[in-house]
Amino acid sequence: MERDKNALAIKFHIHTTIEKENNEDDNDNRILVKQKKAKQQNRNGNKPSVGRWNDIIRPRRPTEHQSRVPAPTMDESLVDIAVNASSDVSSLADKSRGTIDFFHTPPTTMPTVRGSHYEDWSTIDWLSDQARDRLRHQIITQQKKESAWKRFLALHDALSGWFCVLLIAVNIGIIAAIVDIGAIWLANIKTGICLPAFYLSREQCCWTASNQTYDKYQHVLCDNWYTWANLIRIDNGTTTEYIVDYIAYVFFGLIFATLCAILVKTFAPYACGSGVPEVKTILSGFIIRGYLGVWTLLIKSLGMVLGTSANLLLGKEGPFVHSSCCCGNIFARLFPKYGQNEAKKREILSAAAAAGVSVAFGAPIGGVLFSLEEVSYYFPLKTLWRSFFCAMIASLIVKILSPFENQHLGLFYVGNRYRWFYFEMVPFFLLGVLGGLFGALFIKLNLAWCRIRKKTRLGRYPVLEVILVALVTLLVSYPNPFTRMSMSDLIRRLISSCETEDESLLCNYQRNTTSAYEKNESAKPLYGVWLSVGLLCSALVTQTSLFILTFGIKVPCGLFIPSMTLGAITGRIVGILFETLVYYQPNFFLFAAECSTAGEQCVVPGFYAVIGACAFLGGVTRMTVSLVVIMVELTGGLSYSVPLMCAALVSKFVGDALVGQGIYDAHIQLNNYPYLDVKAEFVDQTTAVTVLETKQDKNELIMLPRDSLTVGELINIIHTYKYNGYPVVSSREEASIIGFVLRRDLQLVLEQRAVINVQSSLNTQISFSRITHQSNSIHIYRLLNRSPATITLDTPTTTIIDMCRKLGAQTILVTNEKGHLAGILTKKDIIAYISKSRLFPFYCCSQTNLNEQYGQENNHVPSQDAAAATRLEILKQILSRRSLYDPAFGDSWSDSFRKRNLFDPAYSDWSNSFKRSNQQAQQ
């Protein structure tokens, strides 16, 4: 009876400590995550109550209708094991051997993992997950020989990746079709309505009209379409009509923008922004819970419809990539091969990212290359095949569901009707330079504005910011007919050629022929052309300013279409100016040699708009191969590949010379995401000792002895030191590395209550040995990784960086010349060192920011109350009897080390005395 009372008291105390530690850990997360959790708790009513603690002190007996008790949480299960060692061990085999041999039998059954085993804001272990997948595949290969059913399961497992990407492609294709239809309809609502059928867009409404015409800006007109001024019987062409339509345009745009911001802030804060920087970070091995969830997918899709219809300067390609990855994450849960393995899941996410670009532009091959060049971190050959398949099916679904009469898959199809001459490479080169300059200017100004938003009160009112940006955008856009239309329509208008029968302002030329079947002639630009140039210059200035302010607001927003729009405007202006030069200087030797056909048009301004769009987009994103392929698929012009390549390369070179990184990498560093760029080159002559010396936090190195650890000590270590894992050493006196064990594996073992028998207690020994001679020890040898990534103190830093980037190592053990453990390095440590040492000058994430926002994988020590601190001190005293004395370093080193308390696995400040002692040892 006395033992039960003490157990209940310990249980209540640990529960109280755990609750307080969890509350304090939540305060270290980002404000966005805290608000989301708080709102979710308020909606569900999950608040602590007195009844809950009464249930802990006096557990209720299950009723006769309760056949199975719900599984407790991780912390509760660990406490139950610690204070109530009465688990059922009937399923454990071979207890007569004197040990409980857990996970020691050969792998003949599939290991099961309940849920994801990584914590939020942590990095995955690529090596461990790939090893788990190889073990799973080995088990399946052995089992398929047993029966026909097992062979069918093996076949299903082999094809599960293809089934998964097929589901992703079909769903993102359906979502893209719905978004496109809804965005076009809502965008037309700002200008009027189709009275015969209100659900039709302006283009669809005029399909069956007999008197279909176009205005001077190529807007379709018909009797079925009514502007809001026409509905209240205001005459066309009057000032009153202009004012009424102006007010309606601004009113509906504000409604759409406000509704979009409210939905994002209320239901899915992660749905804001482009999503590509976060997707890149996730694909590199970082965990962000909820970012690829169902609510994010729904609000992101709805936000794309509302945001683009409000005429904000934003695109849909980035949100489509994010939405596709949401579909990938959701459908991966249906297949344990990918849902329970984070490394394998990222293969599916890479294929989903390709489908996102494919449905956004109708460019499946460009989508695959975009995923390979810009987004993915790990891209094996089989992922390339699945990405190709996923992008193809997604584009096909969009094509089938699209109600618009467009026989071409490309979004801005022009075909191969434009000819270009070698002397035009000069203006193409100029457009590439302008694209690089624009990209550098945009990145610098946008980052500066984002920092202002974060540091001022403006960041506290995201909905108000969206309303203000939308109001300014709508007020400025309506007076200019080129900015009044949607950006996609404007790009189509700018890249089109001027046919003979075209009477719009952009095609106001003095022509000598009126036949529509004759070739376009070289003609003199008239007033309408120069008026259009002035309007385009005004649009370029205003749209650039609004683009800088818009990208980053709390609505779904991409940057491909806005960048291409500004580039097309610039290209059209340059094309008109160059066309005029050729018209007035026909005898110049370059022009006379190429433009030999008398009277035929030699320079086509629409083609310059295509090159300008490519150059500006390349200057912002720094893409090369994928950008050229996307532009070729968009326009359908394979003969334009050389000018497009020239513009893309020049814009990248100029942009890299001025800024050195694309907009996505810049926002990754702005948000301090732990992303280690695989394309960056690092030059450094330091070694692992230098990396360890730069660490700021001074925590204790926690090592698990192989055979002298008790259940109570293990539970205290798991609860107190929430690291990614713990090194296992030979003994407390000699820190020779035996292996590395993950914290989540230890939690899983204790949670399943499979390792504690009736006679177990807090003093029961835990052994990581293959064979143990202790009668009552718990044997968990199979949990041990016996070949962890290990380096010495003299390993070059560049080698460590390559191990993190190319091997995917999450944790690296550092040993001295005796083979004893000297420290631990993690991927976040390398990123922090790169930032601090300026090996790559564009890394801006500091170690402090990483720790504050995302926690620490091997150094996070949560705050404790007085009782917990006392327990921690006792535990430290127990574990401090390890190898603090090494004969190689001498007594002076050991004494100074104890006084300064600098022994730390990952984030200790290794002092200069360590260097001096090491030199003394070598002498």
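Glycine is no exception: its Cβ is also placed from the backbone N, Cα and C atoms.
Just so you know, TrEMBL annotations never went through curation; they're auto-generated.
Pulled from TrEMBL:
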{"type": "COMPBIAS", "residues": "55-67", "note": "compositional bias 'Basic and acidic residues'"}
{"type": "DOMAIN", "residues": "696-756", "note": "domain 'CBS'"}
{"type": "DOMAIN", "residues": "784-842", "note": "domain 'CBS'"}
{"type": "REGION", "residues": "35-71", "note": "region 'Disordered'"}
{"type": "TRANSMEM", "residues": "159-186", "note": "transmembrane segment"}
{"type": "TRANSMEM", "residues": "246-271", "note": "transmembrane segment"}
{"type": "TRANSMEM", "residues": "292-314", "note": "transmembrane segment"}
{"type": "TRANSMEM", "residues": "348-372", "note": "transmembrane segment"}
{"type": "TRANSMEM", "residues": "384-401", "note": "transmembrane segment"}
{"type": "TRANSMEM", "residues": "421-443", "note": "transmembrane segment"}
{"type": "TRANSMEM", "residues": "463-480", "note": "transmembrane segment"}
{"type": "TRANSMEM", "residues": "527-553", "note": "transmembrane segment"}
{"type": "TRANSMEM", "residues": "565-586", "note": "transmembrane segment"}
{"type": "TRANSMEM", "residues": "606-632", "note": "transmembrane segment"}
The domain 'CBS' (784-842) [mean pLDDT, rounded to integer]: 84
Close approaches to the transmembrane segment (348-372) from elsewhere in its chain (Cβ under 8 angstroms; 6 or more beyond its ends): 161, 164-165, 168-169, 172-173, 175-176, 279, 282-283, 292, 315-317, 320-325, 327-329, 331-332, 338, 378-379, 383-384, 386-395, 397-399, 409-411, 558, 560, 623, 625-627, 629-634
Remote residues contacting the transmembrane segment (292-314) - C-beta distance under 8 A, at least 6 residues beyond either end: 175, 178-179, 182-183, 185-187, 189-190, 253-254, 256-257, 259-260, 263-264, 267-268, 270-272, 275, 282, 320, 322-323, 325-330, 349, 469-470, 473-474, 477, 484, 486-487, 543, 546-547, 550-551, 555-559, 561-562
Helix, strand and coil residues within the domain 'CBS' (784-842) as assigned by DSSP: 21 helix, 17 strand, 21 coil
Beyond the flanks of the transmembrane segment (246-271) by at least 6 residues, Cβ under 8 Å: 32, 35-36, 39, 186, 189-191, 228-229, 278, 288, 290-291, 293, 295-296, 298-300, 302-303, 306-307, 309-312, 322, 462-463, 466-467, 469-471, 473-475, 478, 484, 553-556
Residues from the same chain, set at least six apart from the ends of the transmembrane segment (565-586), whose C-beta lies under 8 A from its own: 424, 427, 430-431, 434-435, 438, 482, 487, 490-491, 494-495, 506, 522-525, 529, 533, 536-537, 539-540, 543-544, 547, 592, 595, 602-617
Tally of residues which DSSP labels helix, strand or coil - the domain 'CBS' (696-756): 20 helix, 16 strand, 25 coil
